[in-house]
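Q: Handing you this structure, nothing more for now.
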Amino acid sequence: LEILRTFSGAVIFLEILFGTIVWILVASTGVPLPLLQGWVMFVAVTAWFLSIVFLSVFLFGYANRFAVNWNQADFIFHGATFVFYFGAFLLQAATTSLHHFPRKFNSTTQERILSGREYNISIAASV
């Protein structure tokens, strides 16, 4: 459990925690724009799963059994996760910015893409 006291272990734990929060927030909006938010959900779920696997490698001592440069693997893992989460952030922010547009352009009703509640949740997921 010493890995949780290191910087890398803390970052992995935070990735799992915040990935879970993003996953829940995006799913609770009802995913009004599946093309944009589908990628956000894919990134959140995949990064969450891979973070658990990466943390498990250290928690269960598998890191000592493989001759891998774990510092480099850790750097590559967090760098790739950052790039994917940044792209997901941009798509989630784009979804949030479209909240005032009508859901159906040819309709006479003024139903918005995101309701007020979904808009607030989408802002939280973007942050």
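Just so it is clear, glycine is given a Cβ too, placed from its N, Cα and C backbone atoms.
Feature annotation from TrEMBL assigns domain 'MARVEL' to 3-127. If you look up TrEMBL, you'll see 6-27, 39-63, 75-94 marked as transmembrane segment.
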Q: Calculate the per-residue pLDDT averaged over the domain 'MARVEL' (3-127) and state the result as an integer.
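A: Averaged over the domain 'MARVEL' (3-127), per-residue pLDDT gives 83.
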Q: Using DSSP, what is the helix/strand/coil residue split across the domain 'MARVEL' (3-127)?
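A: Counting residues per DSSP class in the domain 'MARVEL' (3-127), I get 93 helix, 2 strand, 30 coil.
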